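Reading through the C-alpha cells given below for one structure.
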C-alpha cells in the first residue's frame with residue numbers, strides 16, 4: 001500500500017478549512033427550581049412565549065409561558081421527578097405544533113399528536129401550530145348547511161349548522177357525551193358516500209376523563225364503524241395539567257385542516273370545564289393573579305379564542321367549515337357559574353340537559369324550553385322546516401298548560417286534547433342511545449306526530465308505533481324516503497304518499 005503525501009496534505013487542508021462549520025448554536029438555560037409540573041429557568045434570554053423547550057437529561061419537553069425579567073416560567077409535558085435544579089434546558093426554536101391531515105383519521109393521539117393506540121407511526125405531510133388566529137370577518141359566511149345529529153329532539157327543535165358552535169351543558173350523568181357520540185355515529189351514512197362536500201370528519205377531544213371511559217368510547221366508535229372518519233385526542237385525568245390545557249387546541253388544529261381544505265369538520269370538546277380547571281392550576285402555580293372562583297383573568301379569552309376558530313368559510317376560501325360542540329359540566333344545574341356563563345356567551349346556542357328529565361325517562365334529557373340554537377331553521381333542510389314548525393309551538397303550549405293542569409281537574413276538551421298531543425310528542429322525541437335516525441326518517445315520524453296520527457293511541461304505544469312505522473317505510477315505501485333524501489323537501493306528491501302510508505299503517509296498528 002503506497003501512501004501519497006500530496007493526497008494526505010490536501011485532505012488535512014480541507015478539513016482544517018471546513019473545521020467548526022457544523023457547530024450548532026443552541027440557546028441553553030439552567031433549571032432554578034422545579035415542582036408541581038412547573039420549572040423556573042435562568043438564561044433563556046431569547047425564548048418566545050409558547051415555545052417548546054427540552055430537558056435533555058430527563059428526556060421530557062415543556063413550554064415557556066411566563067417570560068419574566070430574570071427567569072422563565074415553563075410548564076412540563078410529563079413527569080418532573082427526573083428534573084433537578086441546575087439541569088440544562090434547551091430551546092427547540094419552534095412553537096408547539098401537531099401533525100394534521102387524513103393520516104390522523106382512525107387514530108388515538110395525545111395532545112402533542114403522538115399515537116397512543118399502538119398502531120404504529122402516523123403518516124402525515126404537514127404540521128400546524130396548535131394556537132393560531134381565528135378566521136376574520138371577511139372570509140366567513142353565515143351558517144346555512146345542517147349537521148344532522150340523528151336525534152329527533154335536537155334536529156327538529158335546536159338545529160345545528162355547519163360552522164356553528166353549539167354548547168352541550170348539564171350536570172354529570174345527564175348524557176352529554178352520549179349526544180356528542182350519537183352525532184359522530186350519525187355521520188356514517190354521509191361519510192360512506194362519494195360526495196366530499198357532504199362528508200363530515202370528526203375530532204373527539206377527551207379532557208381529564210378516566211382512561212377506561214375513553215377506551216369505552218373508542219370501542220363504541222370502532223364497533224359502529226365510525227372510527228375510520230374520527231380522530232380521538234386524549235389528555236386523561238392522569239396527565240399533567242399542561243397537556244389537559246393543550247388538548248383542545250391540538251384537536252382544533254387537526255379539525256382546521258379539514259376546514260381550510262374545503263372540507264367539513266366537527267370537533268367535540270369533552271369537556272371544557274376540566275380544561276379551565278387545568279388552566280387555573282397552571283396559572284396559580286405560575287403565580288399569575290387569580291380572579292373570580294380563583295380562575296385567571298384571561299380564562300374567558302382561553303375559551304373564546306378556541307371556539308372562534310370554528311367557522312363556515314365562504315366560496316373564495318374553499319367553502320369549508322368547522323363545527324364545534326363544546327361540553328360544559330354544571331354543578332346542581334347552576335348555569336350562572338363563571339365558566340358556564342362565559343361559554344354560553346361565546347357559543348351560538350346551547351342544549352340544556354337536565355337531571356330531572358333524565359330520571360323521568362326522557363332521554364336525551366333535553367330541556368327544549370330553555371335550549372336554543374341562534375342559527376335556527378336556516379340550518380335545516382326544507383322538509384324538516386315544513387314538519388318541525390308546528391311542533392315547537394305545540395310543545396311550548398303543552399308545557400304552559402301542563403303547569404296549570406296540576407291545579408285544576410275539570411279541563412275543557414281543547415285543553416285535554418292539547419295535553420294529550422303534548423304527551424305524545426314528548427314521548428315521540430325520546431330515543432335510545434346509539435340509535436340515530438336519518439333526516440328522512442325523522443321527517444316522516446315528526447309528520448305523524450304533528451298531524452294527529454298519534455292522538456288516538458295510548459302514550460305507552462308511541463315508541464312501538466314509531467318503530468313499526470319506520471320498518472313499514474323501509475320495506476314498502478323506500479322510494480318515499482329516497483325522495484325526501486334527494487329533494488330535501490316535502491312536495492305535494494311526497495306528502496300524499498306519506499299520508500296514504502300513514503293512513504294504511506294507522507288503520508292496521510293495534
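The backbone N, Cα and C atoms fix where each Cβ goes, glycine too.
These features come from Swiss-Prot:
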- 170, 171, 172, 173, 174, 175, 176, 177: ATP binding site (BINDING)
- 371: site 'Required for activity' (SITE)
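Cβ neighbour count within 10 Å across all protein chains ranks 176 highest among the binding-site residues 172, 176. When the Cα atoms are compared, residue 177 (ATP binding site) and residue 371 (site 'Required for activity') turn out to be 17 Å apart. Here the CA atom of residue 371 (site 'Required for activity') lies 18 Å from the CA atom of residue 172 (ATP binding site). Ranking the binding-site residues 170, 171, 175, 176 by the distance of their Cα atoms from the Cα of residue 371 (site 'Required for activity') places 170 first. The ATP site is set by 170, 171, 172, 173, 174, 175, 176, 177; from the centre of their CB atoms, other residues of the chain with a CB within 8 Å are 329, 353, 355, 358, 365. Spatially close to residue 173 (ATP binding site) yet at least six residues away along the chain are 355, 358, judged by Cβ distances under 8 angstroms. For residue 170 (ATP binding site), other Cβ atoms within 10 Å of its Cβ number 27. Neighbour count (other Cβ atoms within 10 Å of the Cβ, all protein chains): 19 for residue 175 (ATP binding site).
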